[in-house]
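A.B. asks: Marked as Mg(2+) binding site by TrEMBL: GLU118, ASP178, ILE180, ASP181, ASP334.
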Amino acid sequence: MHILDTGARFSAVKFSPVFNPSFTPLRRRYFLVRANLPFPKHQAKYHKELETAIDAVDRACRLCVDVKRSLFSSKEKIVEKIVEKNDQTPVTIADFGVQALISLELSKLFPSIPLVAEEDSHFVRANNLVSSVVSEVKSKASIEENQLSDSHVLEAIDRGGKDAYTFCNKPATYWVLDPIDGTRGFLKGDEALYVVGLALVVDNEIVLGVMGCPNWPGDISDGSTGTLMLSHIGCGTWAKRLQNVSGDWTRCFVDPCTLVNKARFCIPESQTWESLPLSGLFGARIDSDDLQHKEIGLLPTCCGSLCKYLMVASGRASVFFLQAKIQGTIKSWDHAVGIICVHEAGGKVTDWEGDEINLEEDQSERRLIFPAGGVIVSNGSLHNQILEMISSASPTL
């Protein structure tokens, strides 16, 4: 068996589950449950939700691959299928298609669980993208095409939109979805990573998460790319090659680095190392083969936050820094699934004061988080050292 060759430190622990096919209702296009878990189901309280999430994210990743292929097959198509939102960030039919597809798949088995997600159908309607989005969703959904109307798809998108659900300041169970984290990377070509990320939150605790990265570097021998990563509370973080239905899962662990100057850092592409507190103590270089005493290795930037969580959870990076912007907002879907994947791989995620990320501070909508200073994602071993350095460099935090 070939294991993903990403430069990441994957554990040698493997699990080869027996694939047990089961029949599903006739209205579904596929008659086999394609998800399988790397641990016994009785160990995972939310195994049904996790299996559904794995299947939904896998379908969504295939949708992304197909849309991306069509985008780059013609320059005219790229223009036609990309719009810009009010915050000047790009969005494509893949973003909307993924949200609709995952919303539909989740609502079939868990119709009472709300969805918190990034998009709504306004941009689809306003930019004449309805037919394109619906076509992509129909091609990947497990529901028969003739049972999916335009209104079904648009309603599925809006199920996760801003005005879809009010939580009334109470503990709740809900899904959190980022349909494509790193849309700018999605539009750049094969070299920039992007992630489909889905998590389930129960009473302010993230209990499971699934990330799919269709262009994560794969096995050079057969040209494969893509990884699917899952986490369940108490069961660890696991990964396997994307779209390999019955393949082996490999357990993931964060890297073992204990020295800050030996760590591999990644930061948002919108921020510079010089703007971060540790820049007063260390310089940063992307070429980490010849680092000096006061220099750290900075991994090349990739678009989106979830890609960086994936790199920490897989052991490819040691630390991910995110500084909160004074007039900016931090969205829950950019972090929820990454948090559990890093935690279950042995890492740690806090704000710059060392407090855990609170998903309930946005009490009515659960769409925003408010980490003091920003977010630190680490392998755990380095976390306290970094917090102390930040505190020393930022006494007013």
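Using N, Cα and C of the backbone, Cβ positions are placed for all residues, glycine too.
Note: TrEMBL annotation is automatic and uncurated.
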A.B. asks: Restricting to the chain of ASP334 (Mg(2+) binding site) and a gap of 6 or more, list residues whose Cβ falls under 8 Å of its Cβ, or answer none.
C.D. replies: ASP178, ASP181, GLY304, SER305, LEU306
A.B. asks: In this structure, which of the binding-site residues GLU118, ASP178, ASP181 has the fewest other Cβ atoms within 10 Å of its Cβ?
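C.D. replies: Result for the binding-site residues GLU118, ASP178, ASP181: minimum number of other Cβ atoms within 10 Å at GLU118.
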A.B. asks: Specify the count of other C-beta atoms within 10 Å of the C-beta of ILE180 (Mg(2+) binding site).
C.D. replies: 33
